[in-house]
């Protein structure tokens, strides 16, 4: 930076400017050499580990860099101030972090970049791994027996890519990149266009011409040898691959999911793997004990990644460089930034890149295809696809599709030009965030004096789900009845009926509760309506509050929303599905599993934070409480 201004000239309206601006990185960048060199003379940069959050450096910082606000411990969350600029680098769920920032009264800015190519590369690698069994054969690299010897059983089931049919669910940028890559491997491509967002935001899919659109999801499943999910998690896509839908899957097909775990019914997928209907499965992240049991670890046709499908060193460097540019503008020019990349901007950026790098011949082909679709061109059946496969493969190998590594320097320029068009749209959101700063400032000051060693949301999920372990873990771990001991009358209230006040104030993390129906006809329980099926919330009269099916653990997401974990469902959280059914389908704490509490414990109203029409009227009885010593004990 050619000119360094004094920190006294930097406008900070919330509090007086310090002598030298200070930037703190929390739980994201340990090696700050790049930031320190780029901001030399402008601001100091320091990494603060979570073990040193009580040193006071977070409160004195002008800007804070972090990966996700939701995964930050509450002790660190309470030390953040409304006047600070909070940069969220590459958040996995922007909506959750933005909601939490609004609750805490923080000024949060998301910094991200497109990761479509990384996702497409990972999916292609997973497909090749399942087809060629490379992850299994690599363990036997030193064997001298050859494929005619002991390795022959391991090679059974290996498939060639040429001639296989790839079915893509969704129309995201990563889906289109995957289509181009799979066509290069001489695979046929089908796709099912899942509408996402408002209708006016939906653009025509820009898949390669050789790809064919299917009218229904069931048709795609029946015709595909490999299925890959590339759709966002919405009300319409929750468990888009449920047990009923998976009945149409082609026997011997492979399933790949690098999106949300809630896109598919994990119990149904597990059963199909056991039955052999699905030949293999690859997931980017898995939830719950059903994916961590011994049988999964021993199955060679199951691949599980630690949520790393969208990562690359290039992506992380782009995000850090964007954050540095934002800090320069903030410190030197006093510019309050907005979110640098949104989902819509990523879509525009990748679409324009394809247009710039594709020849005019393909533009004409796209127009012809669009016209033929408007005239009512019918989609292909699986038989027609096989007949016309040879001609489709020739069209797929045209030079216009080889655009992955070209014109990489044009991409940032296009993003900067488009980001200016979004300024007015973000202006109203920025005003809301600034108003929230003033209203929530006093609450943040008071809460920051409380316990600084509170667990983060992720730690709460782990601690609560540890009480609901898998069957393998239960052999070496005591049951809740063995762990929870009787306490003295001075430590716990003798009966939950004595609680008077708002339910949100009386219920704490780790409490065990029972939910009675409003008409007192029975208890709400979690149960499987069919063998090996999903978990539902039902009302039964022939159960007691001591039955594990009727017991739920309270897990707070923030001060206003809670989650209900089921003992019987292995710690899964209560949520609402697209059929307006109360189900237990996920272990992760998202907005789908968040509920607001209204009224008292005797007349409590649970309202889903995602769908306000999903309401559960119950009477809550506290069965067990967490004492000051951290031990959960039953109430007599």
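Quick reminder: no glycine exception, Cβ is built from N, Cα and C everywhere.
Keep in mind the model is a prediction, meaning the values are calculated, not measured.
Here Swiss-Prot flags 1-21, 341-489 as region 'Disordered'. Here Swiss-Prot flags 91, 147-148, 169-174, 193, 231-237, 258-260, 284, 307-311 as NAD(+) binding site, drawing on similarity to another entry. Marked as compositional bias 'Acidic residues' by Swiss-Prot: 342-357. According to Swiss-Prot, the feature compositional bias 'Polar residues' maps to 369-384, 398-409, 430-445. For 385-395, 470-480, the entry in Swiss-Prot reads compositional bias 'Basic and acidic residues'. If you look up Swiss-Prot, you'll see 417-429 marked as compositional bias 'Basic residues'.
The structure, with features from Swiss-Prot marked on it.
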{"residue": "91", "record": "NAD(+) binding site", "Cβ within 10 Å": "20"}
{"residue": "170", "record": "NAD(+) binding site", "Cβ within 10 Å": "23"}
{"residue": "174", "record": "NAD(+) binding site", "Cβ within 10 Å": "27"}
{"residue": "233", "record": "NAD(+) binding site", "Cβ within 10 Å": "19"}
{"residue": "237", "record": "NAD(+) binding site", "Cβ within 10 Å": "21"}
{"residue": "284", "record": "NAD(+) binding site", "Cβ within 10 Å": "22"}
{"residue": "310", "record": "NAD(+) binding site", "Cβ within 10 Å": "20"}
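The DSSP secondary structure for residue 174 (NAD(+) binding site) is helix.
DSSP classifies residue 91 (NAD(+) binding site) as coil under the three-state reduction.
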